[in-house]
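Some features that Swiss-Prot has for this protein:
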BINDING   D21, L22, N23, R36, H59, L60, G61, R62, R113, R146  substrate binding site
BINDING   K197, E314, G340, G341, D342, T343  ATP binding site
Amino acid sequence: MSVIKMTDLDLAGKRVLIRADLNVPVKDGKVTSDARIRASLPTIEAALKQGAKVMVTSHLGRPTEGEYNEEFSLKPVVDYLKEKLSAPVSLAKDYLNGVDVNAGELVVLENVRFNKGEKKDDETLSKQYAALCDVFVMDAFGTAHRAQASTHGVAKFADIACAGPLLSAELEALGKALDKPERPMVAIVGGSKVSTKLTVLDSLSKIADQLIVGGGIANTFIAAEGHSVGRSLYEADLVDDAKKLMEKCDIPVPTDVRVATEFSETAPAVLKSANDIKDDEQVLDIGDVTAERLAEILKNAKTILWNGPVGVFEFPNFRKGTEVIAKAIADSDAFSIAGGGDTLAAIDLFDIADKISYISTGGGAFLEFVEGKKLPAVAMLEERAKQ
């Protein structure tokens, strides 16, 4: 995957526009989780250090496109950046006709979704973004799967379009896990529905030596083995797809499970064999024997890709399966990459972030990359690198 990298360029005196992912939760005008901004800081600092005239922009939330709405303003992000950076930081509201920015300064360009045509990858808007800079830096992996004006269109028209350090690292880590993985390669796919992850499962079944399934997805596989799953979340119409996947790839289906008669945080967990699920029960976690068997598989892996918990880990009574898996990944010597919102929440809960080789910042983009799809923003950077 050949793209121009920001780290290979001399940015001194250049107008640099960084498309970051600063889409953070905000409450009462304050940033409540700064993980994405923290991840973007080294890119911004590197450009400032080189003496560039730095602009950074992002989307935040889902405002009505083309309308300013203070609720979705990047002002809380600007306040946060002012605390963290020694350089001057300001917010520009109207910037499409030009921005005054000095070397060593940072101007945050207001929420891109306030601009009409952003989501449709409008050519006029893309050219306006491109005219603001000498170098465009795409550093928002989380939006790389969307062809929008600030992620894709601008890269087409900017004098130079390159990948920022975050995006470069993300692509390298995913390439290491998927293109030429060290074997055995084990993939874990959790989540509620097979239907939303069918392409991912299919794609990984061709790469992985073993494919671990969890959550509601595992219930469809338990049903495919001929067991009743009671009132569990599962997809009867995808049982045949599950059977086909089991023929193609080694999928260790849970042999014991934790069930409850209601979906509730206080419901007591009952541990039982997977062939003994009653009609009024629902599976909410894998059982101890299954968890230990999967931990052993992970212990021997050389590459691990983790997407999704294996149970309803938000409920303390149904947390154990995901905890055992998380600890096994943390203790493994394998190259491990994890991605997806629920996965990141589990990593935080069990405090293992420093034990995972690479944590992906992109939810949808991570899944589309794993599915083998071309990410439009990355494809455009590759295109520009050839010119």
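Glycine is no exception: its Cβ is also placed from the backbone N, Cα and C atoms.
A straight line from the CA of T343 (ATP binding site) to the CA of N23 (substrate binding site) spans 18 Å. Within 10 Å of the Cβ of H59 (substrate binding site) there are 25 other Cβ atoms, across all protein chains.
Taking the C-alpha positions, the distance from D342 (ATP binding site) to R113 (substrate binding site) comes to 26 Å. Neighbour counts of Cβ atoms within 10 Å were compared for the binding-site residues N23, T343, and the top value is held by T343. Taking Cβ-Cβ distances under 8 Å and a sequence separation of 6 or more, the neighbours of G340 (ATP binding site) in its chain are G191, N307, G308, S360, G363, F366, L367.
Here the candidates are the binding-site residues K197, E314, G341, and by Cα distance the one nearest R113 (substrate binding site) turns out to be G341.
Of all the binding-site residues given, namely D21, E314, D342, the one with the smallest number of surrounding CB atoms inside 10 A is E314.
Less than 8 angstroms from the CB of K197 (ATP binding site) sit V189, G191, I217, N307, G308, L367, each of them six or more residues away in the same chain. A 10 Å cutoff on Cβ-Cβ distances gives G341 (ATP binding site) a total of 11 other Cβ atoms nearby, all chains included. Among the residues K197, E314, G340, G341, D342, T343 said to bind ATP, no two Cα atoms are farther apart than 21 Å. Rounded to a whole number, the C-alpha distance linking G341 (ATP binding site) with N23 (substrate binding site) is 13 angstrom. By neighbour count, meaning other C-beta atoms within 10 Å, the densest spot among the binding-site residues G61, R113 is R113.
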